[in-house]
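Undergrad: Got a structure here, written out as structure tokens. Questions coming.
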Amino acid sequence: MLLGKHFRKYYLKYSLFFLLGASVLIVVDWYQLDIPRLVGGIIDTLNSTNPDVDAVEAAIIRIAVLAGIITVGRFIWRYTIFGASRRIEYQLRNTMFGHATKLSQSFYNQEKVGGLMAHFINDLEAVRMSYGPGILMLIDGLTLGIFAVYRMARLNPRLTFYAAVPMVILTILLVFIRRTISARFKERQESFEKLSDFTQENFSGITVIKAFVREMKEAMFFSRRNLDLYDKHIKFIKFIIIINIAVGVALNVVILFIVVLGSLLVINRDATGMTAGQLTEYLSYFFALIWPTMALSQFIQIHSQAKGSAQRIAKFLDHEIDVRDHEDVEYVEDLKGSIQVKDLTFKYPDGDSPVLKNVSFDINAGEMVGILGRTGSGKSSLVDLLLKIYNLDHNRIFIDGHDIMRLSVKSVRNTIGYVPQDNFLFSETIIDNIGFSMEHPTEEDVIESAKLADVYDNVMEFKEKFGTILGERGVTVSGGQKQRISIARALAKNPEILILDDSVSAVDTKTEEAIIKNLHRIRKGKTTIFIAHRISTVRKMDKIILFDQGEVVAIGNHAQLMKTSPLYQDMVKRQTLENLVQGGAVNEGLQG
Ligand SMILES: Nc1ncnc2c1ncn2[C@@H]1O[C@H](COP(=O)(O)OP(=O)(O)OP(=O)(O)O)[C@@H](O)[C@H]1O
């Protein structure tokens, strides 16, 4: 039985189910063993010189009634015990998913998705087996075993003693090899986890694999991992098969022993008092004892596997939610959207050196701000901190004068609309994607946002229009369409602060201009932050914050930066040249 803190509570929660199931199981086991007694009685009656037909008839009717009771009982214990195990699995899965969604970005930076999936599939199944078949086999094995031994001992204590010794030795041996089973199962699970990680990553990166003609190489790597899983599986199964064979052989030896010794007792019936009917009854009890032995050995296997899996699930559930609300946080509903960053230095939990160094700037509520910088200069890291994805020191970032470390995660994130750099979309309809922040979005709700993000016409060209399913289960959209659907999703939330992280890089300059123009119009009075590499994206912003190597090197509007910042001037020159070289339309006002 699983007794860890994440698992023991379910025994109490479903105690009624387990108690009812166990009681019925015990009753069924008791009555089940009445049948050999009745059969033995019938044989002895028929063997007698003057058989009592009425007694035989009564015994047969009793057997039929018992069979009926046993059938109903089996249904009840299956329903209660297996039903409880399925309910526990359902709740545990919900708990695990809930925990997974609360874990911080740092966790996902370290863990691979394939491995996590193994917790949700294999480990959960092993744990369910422990609550269902595991508990059943433990109770059934013990009660049927005790009842059978009791009835055997009543018939012939000496024979029972001889028969019981090898069974006890066998059970003790099984208890000892439990650890080895657990270790081999764990090895198999870990190998499965690696294969799962590898497969998941390959499917996600299939385009890269094809582009680099790496199919054969990847298939070879897959085959290696698959072989490892096969080896671990065979190693585990071999062990289980050897145990099962050993248990079977031991039982057959004991049966042979009972038949030989029992026959001798029946032959010397006058001295021993053992009849043929009693020997049949005795053998039936012993056959009934085979199942408990098997059941207990199965229980040990199931439990050993579940223990390994439960440890892995517990490790996952115990993983600390490092970004969470402490007691002193407050929930502030109507934040207006001014941002103040004061002397912010930040190093990733697994990083070597700070990626943001002494960063300070102010953004007034309602301002349209561009955060510009070369790749790797720390722009996205700053967004992660604004969104409270990582913990930081107190009094470094303020929204409307509130230190964000003293604001609840919910109030910060409810205030911010975010268009992530990778523009992740769900494999759902366009309505559900754009209306992600709404309870039950309708087409009317999302049309306006789609128009503002300049993606409406594209959507109307799809066969199912806004009902089109995206991604794996539906149509593949272009990078630019993805970006604009992602922008529409953030606009539909109508947040006080909108952050677009490199969100117009995949659209042409004309579309970019249209989107920016729309934003200027609809975001009046609300803060909008554009993170960009391209000068054209930020040129018309109220304020541009220029980042370089994790530091703020200049702040001002385009005209001011053209006068004061050599880095900005250099970027403008370089991008103008790039446009010329690419033969693209040179943005006329770029230098003005
Ligand atoms: N999770 C992380 N753990 C450790 N270091 C990270 C992590 N994410 C980013 N970094 C590092 O932080 C630095 C800044 O990265 P960041 O993504 O913030 O830059 P950026 O200016 O947004 O770049 P780009 O414009 O290319 O998106 C980089 O050196 C990067 O390697």
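We count from 1, first residue shown onward.
From the backbone N, Cα and C atoms, a Cβ is placed for every residue, glycine too.
Source: prediction; values computed, not measured.
Pulled from TrEMBL, these are the listed features:
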type	residues	note
TRANSMEM	12-31	transmembrane segment
DOMAIN	35-305	domain 'ABC transmembrane type-1'
TRANSMEM	59-77	transmembrane segment
TRANSMEM	135-153	transmembrane segment
TRANSMEM	159-177	transmembrane segment
TRANSMEM	239-267	transmembrane segment
DOMAIN	339-574	domain 'ABC transporter'
Undergrad: Looking at 59-77, 159-177, 239-267, which one has the highest count of Cβ pairs under 8 angstroms to the transmembrane segment (12-31)?
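TA: Comparing 59-77, 159-177, 239-267: 59-77 has the most Cβ pairs near the transmembrane segment (12-31).
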Undergrad: What parts of the chain pack near the transmembrane segment (239-267), using Cβ distances under 8 Å and only residues at least 6 beyond its ends?
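TA: Distant Cβ neighbours of the transmembrane segment (239-267) are 156, 159, 162-163, 166-167, 170, 174, 177, 180-181, 184, 274-276, 278-279, 282-283, 286-287, 290, 293-294, 297, 301.
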Undergrad: Over the domain 'ABC transporter' (339-574), work out the mean pLDDT and round it to an integer.
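TA: A mean pLDDT of 89 is what the model gives the domain 'ABC transporter' (339-574).
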